[in-house]
Each structure stands twice: as C-alpha cells, then as structure tokens.
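Novice: The following block contains the structure, expressed as structure tokens.
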Amino acid sequence: MNVETKHTRTMGDIFVQHSQKLELLKTVLRNVAELDALEGLNMIDAVQRLGIDYNFQREIDEILHKQMSIVSARDDLHEVALRFRLLRQHGYFVPEDVFNNFKDSKGTFKQVLGEDIKGLMSLYEASQLGTEGEDILVEAEKFSGHLLKTSLSHLDHHRVRIVANTLRNPHHKSLAPFMARNFFVTSQATNSWLNLLKEVAKTDFNMVRSLHQNEIVQMSKWWKELGLAKELKFARDQPLKWYIWSMACLTDPKLSEERVELTKPISFVYLIDDIFDVYGTLDDLILFTEAVNRWEITAIDHLPDYMKICFKALYDMTNEFSSKVYLKHGWNPLQSLKISWASLCNAFLVEAKWFASGKLPKSEEYLKNGIVSSGVNVVLVHMFFLLGQNITRKSVELLNETPAIISSSAAILRLWDDLGSAKDENQDGNDGSYVRCYLEEHEGCSIEEAREKTINMISDEWKKLNRELLSPNPFPASFTLASLNLARMIPLMYSYDGNQCLPSLKEYMKLMLYETVSM
C-alpha cells in the first residue's frame, strides 16, 4: 500500500466516523430536548457556538418550533433569556416583556440579579436581538452590561475570560467559526454530550479548513490568469482578503462553488474603488461611469487604456456569472447585476465630485450615498442569485430596490469604516468620513461626540437588521444568514490598530485557514 492510498483510506475512515458521530448527536439532541427543555436549548446554543449548526438544521427547527409553546420558567433568567435569543435568531417573534418578571415594583431590573452571572450573560446576549423601539431590551443591555463589567474585578480568571468575551463579542454579532476556538477552551463539560460535540466540531473544523484552502487555490488561479494585478499596478492585489469576505458570509461547506464565484465580483468592487479613489481623473471617471451605465463594449472607445482593461474584464466576468446562474437556476440575473454595478459607479462618482470640489456634504446625504458606495449592494445581489433560492419576479424587484436587509448591512460597513481614520494599506487618495461630515455640520461638537453618534447609529442599524429577521420577506433564510454574516465580519475588516494594521482580521485568517485543531 503506497502512502497516497493509505492517506486516502485514513481520510475516508475519518469521514465515516465523523458521519456516524453526527447521526448519534442528532439523536442525542432530540432526546435531550424531549426530556429537558432547558438542556435542549443549552445543547443548541453549544452547537451554534461551535459553528456546526448547519449539520443540525432539521433537529434545531423542530425543537425551536416546540419551544414556542413552552412558557418560560418565571424565575430562571438564563432560561428565559436563552429561549428568547434562540427563538428570535430563528425568526420567531418573542415579545420583550418576557423580561418584566425580573423587574421590581419600580419597573427597574432587580439588583439581586447581579449575583446571577450566568443569567446576566444570557440577558446581555438576548438584548443584542432588539429592534427599534424596544426599550426593555435597551435597558436590559445597559443593566446586564454594567453589572458584568463590575463583576470582572472579583471573579476568578476563568470566569473573567468568559464574561469579558461575552461583553466584547456577543454571539449574535460575532462570527461563530471565529469564536468557536474560545468556546473550546472556556466551556466545561457538565453533561455527557458536550465532549462529543467538541470532538465532532474539531473534525468538522479541520475538514472545512482543507476545503477553504482548496478554494483559495482556485480563486488565486483565476486572479492570476485574469492578469489585472499586472495591468493595474496602482490597485490592491489582495485575493486572499477578498476571499475572506465570501468565506465569512457563506459558512455552509456545501457552498464551495458559490464562495469562489462570489469572490470575483468582490474583487472588482475593490478594483473599481481604487480607480475612483486613487488613480482616475474626474473627467476619466465620468467617462467610465457612463460606460458602466450603458453596459456596451463599444462604450470603452474613449476610455484610457487602464479603464478599458478594467471595464472589459468586468463586462466579461458579469456575463459569465449570469450564464452560470441561468444554467443552474433558470433565471438570467444580468439586468439586476448591471443595475448594481451602475449604482456603485454612480455613487463613487458622486464622492469623487464632492472631494474634487473640496466641500463636504451633509452627514445624512453622505451616508445615503455611502450605503451604495460601500459595495455591499453589489455583493449581496450577486450572492442572492448564487444561492438560487426563491428567485421570483417579486423577490428580484425588491432586491433591485435595495431592501433594508441590504441597506442596513451597508450602513454598518460604511459607519464602521468611517470610525477609523486609517486608509486600507496606507493608500493615498480621496477619503470621506461620516465623522468628518458630522463635525463640519455641528459646530462645537467634539470628535468624541461625533464618534459616539456614529457608534449609536451602528447600533440602530443592527436593530433594523434584527427586524428583518422577524419580518416576512421573499428572501430565503440562507440569504438572511449571509447578510447577517457580512455585518458580523465588518469589525474584523475595519478595526485598525495604531500601525494601520488589522490584527483581528489576521487572527481570523490564521485560525480559519492555517491552524489545525488538535484531535
């Protein structure tokens, strides 16, 4: 037996054993939830925190559907909050007044809850699912957050790590695969199923890591053969970073082809951004925008050579993308894709004209345009057609109008980006900022106040995004999840340190692509 055959057989054995353990755990999950409702919720929570919930979707659906009819234990904050969070994450509306039982006669949360650290963490996690106007959840976040921060001074090291991570990375606003490593370390087995879950998660993680590495090879090959890095030397050459967006948004391993395909339009968002922000003259940018709006290959005749190269590559990529979607899903998305690219370039051009004039727009006007220039709409429109679910005239018409599930994610990206003054990769060029526009507009306002305003607006956009989780719409659950994951990825992409580096992003890439989880 040669080495290759032995390796193949070993991997095959691992896969078979992994599949058997998964089936066992599905049975365990059903049985646990049947015998003890709270324990079933705890197990679902662990499955999600380990990033392997895509293996248990049917079981989770069935259990949470039954949980809707269960009256929460009135005196157990952890159970009430956990059930609230899991159901809302799954699209079930649970009223915020379930937490009124934990208030005193004055209508404020009981101070005695400060002794229940586990319950407070669950309350803080639940409060992240709030929507506009839900004052009880706003109060719950402030109350639990304050007491948890206070507790850090007297808890042991292990619990400090858990509490601090909850405050810094609440589950609903974090990427589960990235946070799974922390859960491996901090979670302690108090039942028979957690160790088996961890074992399955480790195998799953290593298998998915190999899949991602193969996708990077495919993406890098496409990018190299495209040749734009040589032709457009002023532009960013970061195919790995572009792929990370796709990897974060589309977490189901079965979506391998979709991740590779999605990275292609993402790369063009960055390239075109650099043309507008770094290299192009205003006159040339106007011509390029007109060409994209016309969407005719003959429209490039009057463009400079580097723009001809970029437009031709964009044109070919988009047509090829449309053909693949049509062959696989029976719908030609070309018209929607053309609209998204034209809208992006129009928004880029608006910004170029602003900065060429030396005048800052009103903050509201800046943000309205910035939602489009973020590129999120382009990415999510392509993603919708790649997923291929619920493609109807109604859903496509709504998609073309930039619905809230897109615009809120885009606003979060734009505002997060604007919180930092650093430019990606120390690039020169035009650079606007909501903070700068707000300061210009509000005389006497300090930069700290402007930043606080921006942070509050990000929180408000998350509430709008949460509302989309709970509102009927024609989009499939896979698209909603991908949109949420995009919003969750944003802090990693835009949290610069003092050296204008992205330490969180580098850590994410290292964990997801290069580090093997020991078995």
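Cβ coordinates are placed from backbone N, Cα and C, and glycine is handled just like the others.
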Novice: Need the matching range: Swiss-Prot marks motif 'DDXXD motif' on one of 233-237, 273-277, 438-442, 453-457, and I'd like to know which.
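Specialist: Matching range for motif 'DDXXD motif': 273-277.
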Novice: In the motif 'DDXXD motif' (273-277), how many residues does DSSP put in helix, strand and coil?
Specialist: 5 helix, 0 strand, 0 coil
Novice: Using a 10 Å radius around its CB, how many other CB atoms surround ASP417 (Mg(2+) 3 binding site)?
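Specialist: By my count, 20.
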Novice: Write down the Cα-Cα distance for ASP273 (Mg(2+) 1 binding site) and ASP417 (Mg(2+) 3 binding site), rounded and given in Å.
Specialist: 14
Novice: Within 10 Å of the Cβ of ASP273 (Mg(2+) 1 binding site), how many other Cβ atoms can you find? Include all protein chains, please.
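Specialist: The answer is 21.
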Novice: Taking the Cβ of ASP277 (Mg(2+) 1 binding site) as the centre, count every other Cβ atom within 10 Å, in any protein chain shown.
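Specialist: Looking across every protein chain shown, the total is 22.
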